[in-house]
Amino acid sequence: MGGAVVDTGDSGVKAPDGGWGWAVLFGCFIITGFSYAFPKAVSVFFKELIREFGVGYSDTAWISSILLAMLYGSGPICSILVNRFGCRPVMMVGGLFASLGMILASFSTNIIHIYLSTGVITGLGLALNFQPSLIMLNRYFSEKRPLANGLAAAGSPVALCCLSPLGQVLQYKYGWRGGFLILGGILLNCCACGALMRPLMALKKTSEVDEKETKPKPKPKLLDFTVFRDRGFLIYTVAAAIMVLGLFVPPVFVVSYAKELGNEDTKSALLLTILGFIDIFARPTCGIIAGLKWVRPRCVYLFSFAMIFNGITDLIGSMAKDYPSLVVFCIFFGISYGMVGALQFEVLMAIVGTEKFSSAIGLVLLVEAFAVLVGPPGAGRLLDATKNYMFVFLLAGCEVVLSALVLAICNMLFIKRKPEQPDPPAKMEMAVIDTEMEELNKAPKNDQDNGGGENGKKQAIEHEATTKSDDKKVEELESIGVDSVELENASKNVTEPNGVVVEPESSL
């Protein structure tokens, strides 16, 4: 666990780590921004919705909650659809759903209609885009995957900084109905991003050996539950569920906390801008660090450090008593929050690999969906009971620190590293040397038997050609995994006493 898995994916093609992958990364950047920032950007219209339909703030808050619940809870559905139809068609249909939900919401006559249209339909559309985009990113990048994940994750704070001011402008000029209609049109860009997700195609194999080794692959499972047999996956899922309970709480309550301390609304809202600005740079930077050779095999511990950093920031931030201390809190929270955002899916990819990632991410998001629905509302109930924001931040910090300890300690105790084995190339090299020595010892003897002269030269040429062919077979056997004993026996039977070369096919 924590080591980088370099595999070829379902199509048998090694990740190109560039080329068209940068277009895929751009599409994933846009999709990630829409998926995480849109539920927060919609909150700009809540005041007009309260005035329009005569409901309370808690009623409008359900819009964002349903959006997030659909984004996380529909993970298994996305996994099944991706394994059945592929990423590109699922994302393009998801873009149509996301746009359709916002367009229908602009014609709503009560808050229930908005729950169904914006919450359910748009939330499902964003989910059908978010998960396949991460799957495609994992298939296109292997060596540069940590950097790719960090850059893609930066789409969330960038989109939040853009969509929130845009929502305010649209509300001021066109009202909430016109704003919803225009946002629905903007979400059609998800279809364009889906079109960028070109599947990797395997090259035709011309080698006879490859054709012999090629076997018909079984049909892929629509939802692979065998990932639960992986201890690393179980540990990650439990830790992620605990982390989500407290991770999203501070951004939800920090503005209200600032207002409680007597700060103006605009000054309080500036805290989220500071947090988002720091987050933009923290994610790619953490991706670069995670891609270093001596860090990547231990990325799970870097993820644990990021969570501990985030949790301790919450614990210290709970003691903030003025605006400058909240600004410092938002700076450090933005750094730690960006680190967590850049590493959470990179660690999951490293644990399960490309082949099972489509099923693993769906199951992880389903588990996290319950935590998302429990975390912020539970913190709100604690605030209502205590009337003190300090306890809210303390609870969030303890939950995130606990998740980090679960991940790091369980990884050390229950995930055993494979013991180092003797170097196979060294064994094969010794076998090759022994084979060459035997052939050289045979050559002079054959020269004497044949009377030297032209016959001797011919025999020497034949022995030299035999030695070269033996070297090639040694390399082939090494790739297949034959040990040195089998190799030595095979090489001894290559040449008969009469000088006739025999192919040792039985040894293969």
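All residue numbers here begin at 1 and follow the chain in the order shown.
Note that Cβ sites are derived from N, Cα and C of the backbone, with glycine treated the same way.
What you are looking at is a predicted structure, and each value in this text was computed from that prediction instead of being measured.
Pulled from TrEMBL:
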COMPBIAS  455-476  compositional bias 'Basic and acidic residues'
DOMAIN    21-415  domain 'Major facilitator superfamily (MFS) profile'
REGION    442-508  region 'Disordered'
TRANSMEM  20-38  transmembrane segment
TRANSMEM  61-82  transmembrane segment
TRANSMEM  89-108  transmembrane segment
TRANSMEM  114-135  transmembrane segment
TRANSMEM  147-166  transmembrane segment
TRANSMEM  178-197  transmembrane segment
TRANSMEM  233-258  transmembrane segment
TRANSMEM  270-292  transmembrane segment
TRANSMEM  299-320  transmembrane segment
TRANSMEM  326-345  transmembrane segment
TRANSMEM  357-377  transmembrane segment
TRANSMEM  389-414  transmembrane segment
Six or more residues beyond either end and a Cβ under 8 Å away: which residues meet both conditions relative to the transmembrane segment (20-38)? 67, 71, 91, 98, 122, 126-127, 129-130, 133-134, 136-137, 140-141, 148, 151-160, 162-164, 187, 189-190, 192-194, 196-198
In terms of Cβ proximity under 8 Å, which residues at least six beyond the ends of the transmembrane segment (299-320) contact it? 1-2, 4, 146, 239, 243, 246-247, 249-250, 257, 286, 289-290, 326, 329, 332-333, 335-337, 339-340, 343-344, 346-347, 350-351, 389-394, 396-405, 407-408, 411
Spell out yes or no: are there three or more C-beta pairs under 8 angstroms between the transmembrane segment (89-108) and the transmembrane segment (357-377), with each pair 6 or more apart in sequence? no
Looking only at the domain 'Major facilitator superfamily (MFS) profile' (21-415), mean pLDDT returns 86
When each of 178-197, 233-258, 389-414 is checked against the transmembrane segment (114-135) for Cβ pairs under 8 Å, which one has the most? 178-197
Result, the transmembrane segment (233-258) in contact with the transmembrane segment (326-345) (3+ CB pairs under 8 Å): yes
Does the transmembrane segment (233-258) come near the transmembrane segment (178-197), with 3+ Cβ pairs under 8 Å (pairs 6 or more apart)? no
Quick one: do the transmembrane segment (270-292) and the transmembrane segment (389-414) reach 3+ CB pairs under 8 Å, ignoring pairs fewer than 6 apart in sequence? no
Folded-back contacts onto the transmembrane segment (147-166), same chain, C-beta under 8 angstroms, at least six residues removed: 21, 25, 28-38, 40-41, 44, 133-134, 137, 140-141, 273, 276-277, 279-280, 283-288, 290-291, 338, 341-343, 345-346, 349
